[in-house]
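Listed in TrEMBL:
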- 64-86: transmembrane segment (TRANSMEM)
- 106-129: transmembrane segment (TRANSMEM)
- 210-230: transmembrane segment (TRANSMEM)
- 291-317: transmembrane segment (TRANSMEM)
- 323-351: transmembrane segment (TRANSMEM)
- 386-625: domain 'ABC transporter' (DOMAIN)
Amino acid sequence: MTSATTNDQQNTAPPPPAPAEITYAGQYSVNPLAEVGFRRMCAQIPAVLGRIARLSWRTDRRAVQLLLGCQVLTGVSAAVLLTATAHAMEPVLGDGAAADRLREALPALLVVALAAALGRGAGAVATYAGRRITPRLTTETDTALVEAVCRVEAAAYAEDGFSDRHEAAEMGVVRTQTMVADAQRLLSALLRMVTAGGVLSVLNPLLLPLLLLAVLPAGVGAVLTARVDYEIHYANVADRNVRGMMRWWATTSKYGDEVRANSMTDYLVHWYRTLSERCDRRTLDAAPRTLRIALLSSLAGGVFLVATWGALAWLAVSGRIELAVAATAVIAVQTTLAALSQVVVSGAAVFHTSLYLGDMQSFLDTAAARAPRRGSRQLDPPVAEIRLDEVVYQYPGKDEPAVDGVSLTLERGQILAIVGANGSGKSTLTRLLTGIYLPDKGRVTWNGADLAETDPATVWRRTGLVPQIFAQWPLRARDNITLGQPRTHDDTPVWEAVDAVGLREAVEALPAGLDTLLSREVFGGSELSGGQWQRIACARALYRRPELLILDEPTSQMDPRGEHQIFERIKSIAGDRITIVVTHRPENTRIADHIVVMEHGRITEQGRYDDLVHAGGTFAELLALSQDR
Ligand SMILES: Nc1ncnc2c1ncn2[C@@H]1O[C@H](COP(=O)(O)OP(=O)(O)OP(=O)(O)O)[C@@H](O)[C@H]1O
C-alpha cells in the first residue's frame, strides 16, 4: 500500500465512535433530592451551619471565636449606625441655619462614622479569621477522604458505585473552600438583617413584612436553582469520573508512547470532548428551567419591592411619618434589603454546599463501614505455616467465582509456583493468601490464626508483594525502595536491596543517586526504563525482608541477566520465609518446591517440576508451547 493511499484512507476515515453512555447506576443512582420538598431543603441549612461550625471548631478554635465575636460586632454596629442616623436626621432635616443644624447633628454623625468604621473593621477581621480556618479545614476533609479510601477493605473498590460515589464526595472537599466564607456571610447578613429590621419595625411596623415579601421570592428562586445545579451535577457524576481518569491517562507522559504510536490522540481528544459536551448538554438542557425560576422570582420580588417603596412614600406624603423618620427609613430599607439579599444568596450557597457535604459524609460513612473489622488477633513470628481450606472468592457482579474451592498448605522455607491461563485466578489467590481479600467461603490461616479474625496490620507487616502492575511512585529512589517501612537513617540495607536486584550501576548513574526523584515530569526528576522500574519493585519487596514474599510475574520486563539474578536471590533467601512466584514461564518454576496449575479458579494439577513435565497434563502442554518457536 502506498503512503498516498494510507493518507487518503485516514482522511476519509469515519470519526471515531462516541464513548459509551455511562450512567451512575445501582442503589446510589437515585438523586437524594428528587423526593425532597422545598421546606425540607431549607430545614437542612441550620444543620449544615452547625456542621460547618463543629468542623471549624475542631480545626481552629481561636479563629472561630474571633469570627463569631466579629459577627456580633458587625450586628451591633449596624444597629448603632441606624439609630444614630435617625438621631442625626432630625436636626439635619429640621429648621434653622445649615451650620447650626450640622453642629447639632455632629455628635450623632460621629457615632455613625465610628459605627461604620467598627462594622467595616469587624468585617475585615472576620474575613481574616475565615481565611485562617479554610485552608486547614480543606486539608482536614481532603486528607480524611484520602485516608478513608486507603483504609477500606480492598474488596470495596469492586462494589457497585464505589468509584462514582468517591468522585461525588470529592465535590464536598472542593466546597469546603468556600463554605466557611458562605457561612460567615450568611451569619453576618442575618445579624445585619435582624438589627436593621428591628430599627425599621420601630420606625413603622408595616415596612418589614413588605421587605421580607420582596426578598422571599429571590430566596425561593436561589434554593430552587441550587437544586437544579445539584441535579445536573448528579447526572454528570459518572461521565465526570471517567473524564477525569481519561484526562490523566491521555496526558501523563508514561503512556505518551502508546498514545502516539497507536495514533490514539484524535480518538482520545474526541472522547474527552464528547464526554465534556455530554455534561454541557445536560447543563444547557436545564438552562430554561433556571431562567424560568429567575424570571418568576424577580417578578414576584419586584412587585413587593415596588409596594414597599410605595408604602414608604405614602406614609411620608400623607404625613403619617415625619420627614426625618422617612429619611432614616430609606436607609433602613436599603440596609435591610442588602442584608436580606445577602441572606438569600449565602443561604442558597450554604444549602448548595450542604448537598455536596451530604454526599461526602455519606461516602465517608460507607468507607468507615467498609473499614476492616477482622478482630485484633496478633501473629507471633515466625510464620511457619499458611493454609487455605476450601477457599472461594467471587468478585461483585461476576457470575463465577475467581477462586473456587482451593485448599493448599505452605510451609516456611518453601517456594510455591502458581501457573495457569490468563484469568484463571492466580492473582486473586495471592490476594486471599495475604488477606487483602477475605474469602466468601472457607478459611485462610497463618500459624493457625484465621485471617478473618486477625488484625490486618500484623499480617501486612510480614508480607512483601511485587504485583503484576506495580506503582512507579513519583518519589526519590530511596523512598521508592523504603516506602511502607519504618524510617532508616542508614542506607546500607537500601543498597543491599539495590544490589540484590542488580540495580547499583543504574542508581549510581542517577544525578543524585538514591536522592534522585524518579519522575521525569517533575523538574529535576529522572526516569528509569521499564525493567529498571520492575527491579525497583522487587527491591522494595526484598527490602522488607518479609515472611511471605509474593512475586506476581516479577521479571516480565527484565533482561535474562536480571531475571537470573532475581531468581538466584529468591532461592538464596527462601529458607527464612514462604515464597510464592506467579509466572507464565514454566521454565521459571524449576526453582519451586511445589507447583500448582490453576484453571477456572481451581487447582487442576500440582506437584514438583520433574513430575509435572512428564505428567502429560496442562503444565506439560504449557511448557511445550513455550518452547515451540
Ligand atoms: N478487581 C476485579 N474486579 C472484578 N473482577 C476481577 C477483578 N480482578 C480480577 N477479576 C476477575 O477474576 C478472574 C481472575 O482474575 P485474576 O486476576 O485472578 O487472574 P490471573 O490468573 O491472575 O490472570 P492473569 O494471568 O491474566 O494475570 C478474571 O475473570 C477477572 O476478570
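Note: Cβ is positioned from N, Cα and C throughout, glycine not excepted.
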Overall pLDDT of the domain 'ABC transporter' (386-625), taken as the mean: 93
For the transmembrane segment (64-86): best-contacting stretch of 210-230, 291-317, 323-351, by Cβ pairs under 8 Å: 323-351
Folded-back contacts onto the transmembrane segment (210-230), same chain, C-beta under 8 angstroms, at least six residues removed: 31, 33, 38, 41-42, 197, 200, 286, 289-290, 293-294, 296-301, 304-305, 307-308, 311, 333, 336-337, 340-341, 343-345, 347-349, 351-352, 355-356
